[in-house]
Amino acid sequence: MAGSGGEVARFSVWDYVVFAGIVLLAAGIGLFQAIRGRKETSSAEFLLGGRQMTAVPVAMSLTASFMSGITVIGTPAEAYKFGTPFWLFAFSYAIMSTISAEIFVPLFYRLGITSTYEYLEMRFNKLIRVIGTTMYIVQTALYTGMVIYAPALALNQITGLDLWGVLVATGAVCIIYCTLGGLKAVIWTDVFQMVIMLSGFVAVITRGAILQGGLGKIWNDSYNGERLNTFDFDTDPLRRHTFWTIVVGGSLMWVSMYAINQSQVQRYISCRTMTHAKMSLYVNMVGLWVTVSLAMLSGLTMYSIYKNCDPFINNDVGSSDQLLPYLVMDILAEFPGVPGLFVAAAYSGTLSTVSSSINALVAVTVEDFVKPLWPTMTEKQASWLNMGMSVFFGAVCIAMAAVASLMGSVLQAALSIFGMISGPLLGLFLMGMFFRCANSTGGLSGLIIGLILTLWVGIGAQVYPPLPTKTRPLPLSVAGCVSDINITTTAAAWTSPALVTSQPRQEFCLLNRPALADSWYSVSYLYFCPIGTLTTMITGLIISAITGGCKQEKIRPELLISKRDLICFGCSRNDDENPKSELTEKVGGDHLYGLDNPYFIDKEYKLKEKEIDKISKF
């Protein structure tokens with residue numbers, strides 16, 4: 001019986017059929033895109049979808065690419081353990097979408113770049129570009145390995161699916177449609193996977209509401225269990241989730257994930273027009289709202305069912321990331337195929353993240369490392385290289401999953417890694433975009449100092465996790481369990497500070513905790529990004545001023561953010577107020593600040609020339 005503890009059912013034949021069918025269908029989309037676009041073999045087509053994508057599919061892909069299996073499994077567990085403060089990320093998503101659309105899109109869009117880090121060479125120098133690209137590759141490979149491993153571990157322990165078989169299969173499917181279909185395959189597969197993810201949440205909420213007697217009962221149980229105390233205005237930076245840590249720290253963290261992360265930038269610069277590019281980010285914001293809301297409701301549903309018999313304290317599961325799979329097998333096993341749909345939902349999140357990572361890693365590696373060393377490379381050679389690099393990075397991500405399996409609390413690092421690495425990178429980009437006086441010496445020095453600081457606090461937090469007095473897990477009970485195990489029913493059992501943990505840490509090395517463990521190392525993981533961003537900007541600007549940054553030669557105006565960028569929705573094609581730079585003359589002044597993607601315009605002209613040639617021959 002649901003909510004009373006004990007063994008749950010395993011996967012049925014129909015569950016395997018549904019799961020395999022959805023994964024194969026995702027691969028089929030990649031194959032379809034490969035066949036459909038077999039004549040378009042250029043590097044731009046492979047990496048950027050020919051810059052012809054429209055807002056809605058790109059928006060769904062933007063949402064799906066970071067709504068990984070960690071999100072599918074971890075966010076409901078967050079609501080179950082800590083309540084609904086995580087819902088405040090809705091504010092962060094709105095702030096992130098606005099900043100990305102109104103500040104970063106105009107810059108990257110008019111430069112027509114393929115790799116985000118091309119900007120660093122334009123603004124600073126080649127060395128900083130190489131360092132930025134290397135940081136991104138390391139960050140993405142580590143994160144992707146964790147994304148593959150974490151849900152595979154949970155679903156292996158709950159459903160009985162072979163762990164390493166699923167890991168290799170996940171990577172293989174992603175490699176297939178990334179290699180053959182490029183960015184178009186990734187985006188359209190993400191659209192499909194987004195629908196599957198949301199369907200999995202809806203199935204859990206619907207069945208839970210039926211069992212509990214309606215959503216009102218779930219809401220009432222959550223209120224009585226203190227799960228609805230969303231707004232906490234405590235300014236203590238050591239508190240894991242408060243209004244301020246989420247809205248301030250969380251917003252900057254998400255900006256670093258969307259505004260400068262190659263996986264995301266590559267999508268919105270693939271849009272045909274700037275309007276589509278901006279709109280994709282705003283539609284993505286709505287998608288993130290829907291996703292986090294369904295995930296939180298799933299967690300509250302889980303609490304309503306298990307409020308009197310916590311599976312973790314009752315030893316039915318070994319860690320929090322197994323809670324939602326356990327719930328699915330508990331309440332949906334009697335419906336053949338539905339658990340398979342949920343597992344497919346979790347893996348759809350994983351597949352979308354992995355495929356996004358592979359395609360983005362290929363893009364930055366080819367643009368930042370290969371092309372400068374091989375300037376005479378033809379389009380055919382580039383296409384074969386892109387496909388070969390997709391296979392290589394797919395294998396690297398699978399290997400990183402194997403490394404993750406040897407680590408302890410891997411997913412705290414997964415949550416913190418963007419703040420630790422992307423924070424200093426975001427500071428470098430902002431410094432270059434807004435301050436003319438910033439030079440390469442200041443930029444490099446600020447980046448290194450910011451990175452050292454964030455790695456110090458991030459690694460320290462891994463070694464000495466914050467105590468429950470700062471993470472504040474809510475109380476749970478086993479009073480209603482059928483099991484006769486006598487366990488103290490307090491929240492002390494939930495000691496891990498991570499949103500999702502592969503192995504809950506039962507010891508905090510209380511006897512050997514240094515003085516910094518309860519201060520510096522206990523800073524909320526959401527503040528890692530602001531620490532890195534501000535440190536990089538402040539130290540970078542100071543060093544730039546000392547080393548003559550204010551006296552450097554004139555910076556190309558298209559590399560800086562102007563007032564016009566901030567109000568670009570009001571731009572007119574015929575407005576000639578801005579001086580024409582070298583880039584403006586290259587692609588046409590109307591298109592620099594207009595609505596058309598200059599690369600798309602160039603492609604249209606080429607297509608028209610081909611049509612004229614055909615007519616002439618006829």
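Backbone N, Cα and C atoms are what each Cβ position is placed from, and that goes for glycine too.
Per TrEMBL, the feature transmembrane segment maps to 16-35 (among others).
Residues or ranges marked as transmembrane segment in TrEMBL: 55-74 (among others).
Within its own chain, the transmembrane segment (86-109) has Cβ neighbours under 8 Å at 75, 78-79, 116, 119, 230-231, 241, 243, 246-247, 250-251, 253-255, 257-260, 264-265, 268-269, 274, 277-278, 281-282, 284-285, 288-289, 292-293, 296, 433, 499, 559, 561, 565-566, 568, 593, 597, counting only residues six or more beyond its boundaries. Marked as transmembrane segment by TrEMBL: 86-109 (among others).
What TrEMBL records for 130-151 (among others) is transmembrane segment. Residues of the same chain lying 6 or more positions beyond the ends of the transmembrane segment (130-151) and with a Cβ under 8 Å from any Cβ of it are 68-70, 72-74, 115-117, 120, 167, 170-171, 261-263, 321, 346-347, 349-350, 353-354, 357-358, 360-361, 364-365, 368-369, 393, 396-405, 410-411, 413-414, 417-418, 421-422, 424-425, 428, 444, 447, 451, 500, 502.
Here TrEMBL flags 163-183 (among others) as transmembrane segment.
Within its own chain, the transmembrane segment (195-215) has Cβ neighbours under 8 Å at 2, 22, 64, 67, 72, 76, 221, 290-291, 294-295, 297-298, 301-302, 304-305, 324, 327-328, 331-332, 335, 338, 341-342, 344-346, 348-349, counting only residues six or more beyond its boundaries. The transmembrane segment feature in TrEMBL is assigned to 195-215 (among others).
Counting same-chain residues at least six beyond the ends of the transmembrane segment (241-260), those with a Cβ under 8 angstroms from any Cβ of the stretch are 62, 66, 82, 85-86, 88-89, 91-93, 95-97, 99-100, 103-104, 116, 231-235, 281, 418-419, 422-423, 425-426, 429, 524, 526-530, 533. The transmembrane segment annotation in TrEMBL covers 241-260 (among others).
Sequence-distant contacts of the transmembrane segment (281-306) (same chain, at least 6 residues past either end, Cβ-Cβ under 8 Å): 2-3, 55-56, 59-60, 62-63, 67, 71-72, 75-80, 84, 86-87, 89-90, 93-94, 96-97, 100-101, 105, 194, 197-198, 201-202, 204-205, 208-209, 211-212, 217-219, 221-222, 225, 227, 258, 268, 323-324, 327, 330-331, 476. Annotation comment: TrEMBL describes 281-306 (among others) as transmembrane segment.
What TrEMBL lists as transmembrane segment is 384-407 (among others).
Residues or ranges marked as transmembrane segment in TrEMBL: 413-435 (among others).
Annotation source TrEMBL lists transmembrane segment at 442-464 (among others).
Annotation comment: TrEMBL describes 525-546 (among others) as transmembrane segment.
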